[in-house]
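Encoded as structure tokens, the structure appears first; notes follow it.
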Amino acid sequence: MLLAVLLLLPLPSSWFAHGHPLYTRLPPSALQVLSAQGTQALQAAQRSAQWAINRVAMEIQHRSHECRGSGRPRPQALLQDPPEPGPCGERRPSTANVTRAHGRIVGGSAAPPGAWPWLVRLQLGGQPLCGGVLVAASWVLTAAHCFVGAPNELLWTVTLAEGSRGEQAEEVPVNRILPHPKFDPRTFHNDLALVQLWTPVSPGGSARPVCLPQEPQEPPAGTACAIAGWGALFEDGPEAEAVREARVPLLSTDTCRRALGPGLRPSTMLCAGYLAGGVDSCQGDSGGPLTCSEPGPRPREVLFGVTSWGDGCGEPGKPGVYTRVAVFKDWLQEQMSASSSREPSCRELLAWDPPQELQADAARLCAFYARLCPGSQGACARLAHQQCLQRRRRCELRSLAHTLLGLLRNAQELLGPRPGLRRLAPALALPAPALRESPLHPARELRLHSGSRAAGTRFPKRRPEPRGEANGCPGLEPLRQKLAALQGAHAWILQVPSEHLAMNFHEVLADLGSKTLTGLFRAWVRAGLGGRHVAFSGLVGLEPATLARSLPRLLVQALQAFRVAALAEGEPEGPWMDVGQGPGLERKGHHPLNPQVPPARQP
């Protein structure tokens, strides 16, 4: 082990100096890798900060819209029977390919704007992951596997269909996620989930729902049905920039069994496509629609399948697999029916303003917690109110925890594919908490192929803060204060010009006499960002595997140090600021490893 350290790092010529433990610096090549990863972490931090601000700005926009419409904001759960946005299943005609098997979505053809008014896009922290289908004014149907590892509704938004004239699509927060209770992520059995929108779709807007089947069976085999989505153009390829569409024939159960083997569960799955290959859904299309036309004076589209999984994309003999919607009709109707027996969502509780909320509204919101209360009505109401407050506090912590985990995950994800890091640490592993929470699984899951990947990251453009008086709109002013607080807290990263958004590690000085049981050494770190310099203590590995393991924490410490330095920028600290991390913080100006040996600076 000592030999590996000597080979990796140039050590001083003597082991001891004046009785003090020996120090060693990471070589310039390692500092370059650290700097590159630090810059990527800064970019991820800036995007995460912008997303947090966008989320609150979006809440303000929707709160203002609700106040203008009804004079008072109401959580979505208190809205009863919102009007449906027009007749279901009606769409503009298009030229989707019906007979030839050369198209893909994976290929297909570009759909004209507004051709699929029920097609929506689900985004996690601004990153598009799955498709979905609007089935009612407040409900979207999608695949349950989209939410494996990411069940927090506060992190999701839904982008509605754009208009036929190319109007900008509306982005709506998610209020509730209801995966089917019997969904099995190993077999994709019952791969279905309902998503409740925070605000219902406007009746006059471009989005309208698809029709749900009235009978528990699908059209006969051979029926040409439509698929649409933004998914990959080929397996492991880039996602489509615009909606693409194609038509695929329904296949018989026997044909599907022969093609797909025991992985197919006919009770809840159907398959569609050409056995010759070529036309199929792909990664990113998960949760999207498989619709078939219902003949009549006014033809309409009926949703018979939700994109679930496949063996590759458009490969010969491997049709796509869809969750059968018809067999879940009763469950869908039950979940979409307004009911006070459902526990309030985190978004409803976070929008609730206990000091200002009307008593009747609070009672309706918290009624779930009074269901099994054996006491008097007054005592049960007080108990329900207290439980509402307790869950609200848990939701606040949950939101904060997911935001912090997301920041750490973004920094970690940027470490793996870098050539310099592969040279130093070929086996970088995510910490267990981040791994368990990671939502970046393949969308339109390729169960039989391990090389699939999710679509690229995209973040929503910053929305302007809606203007208007808060009078008569309770809860709007606290949201504006929260927005101002977020803007202030993240100003340190948002105000850094893009040309200066680069982290430079100047020195990492490790104490060879401080090795821990995990193989890490205590180190003194100096780094710079846009003319601002910080110094802090941390733990670093000197071998490839331990160095890789210590990088995520080191980068998070650097981000925290730059934030603290920015907040204290007006204090007379000089060009360097000591921001010790973790236990045993040292006084400013003192070397954390040896008070008598100041850290040498590189030229």
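Positions of Cβ are set from backbone N, Cα and C atoms, glycine also.
Note that the structure is predicted; figures quoted are calculated from it, not measured.
The active site, charge relay system annotation in Swiss-Prot covers HIS145, ASP191, SER286 and rests on similarity to another entry. The feature disulfide bond is assigned by Swiss-Prot to CYS130-CYS146, CYS225-CYS292, CYS256-CYS271, CYS282-CYS313, with sequence analysis given as support. Positions annotated as domain 'Peptidase S1' by Swiss-Prot: 105-337. Residues annotated as N-linked glycosylation site in Swiss-Prot: ASN97. The region 'Disordered' annotation in Swiss-Prot covers 64-96, 442-474, 573-603. The annotation signal peptide is assigned in Swiss-Prot to 1-19 on the grounds of sequence analysis.
Reduced to three states, the DSSP call for CYS225 (disulfide bond) is strand. Here CYS271 (disulfide bond) is positioned 11 angstrom away from CYS225 (disulfide bond), judged by their C-alpha atoms. For CYS313 (disulfide bond), other Cβ atoms within 10 Å of its Cβ number 29. Sequence-distant contacts (6 or more apart, same chain, Cβ under 8 Å) of CYS256 (disulfide bond) comprise LEU264, PRO266, MET269, LEU270, CYS271, PRO319, VAL321. In the three-state DSSP reading, SER286 (active site, charge relay system) counts as coil. Rounded to a whole number, the C-alpha distance linking ASP191 (active site, charge relay system) with HIS145 (active site, charge relay system) is 6 angstrom. For CYS130 (disulfide bond), the nearest of the recorded positions HIS145, SER286, CYS292, CYS313 in terms of C-alpha separation is SER286. Annotation note: CYS292 (disulfide bond) sits in a strand segment as assigned by DSSP.
Within 10 Å of the C-beta atom of CYS130 (disulfide bond) sit 31 other C-beta atoms, taking all shown protein chains into account.
Local packing around the disulfide-bonded residues CYS146, CYS225, CYS292 was summarised as the count of other Cβ atoms within 10 Å of each Cβ; on this measure the leading residue is CYS146. Candidate recorded positions: HIS145, CYS292, CYS313. Nearest to SER286 (active site, charge relay system) by Cα distance: HIS145.
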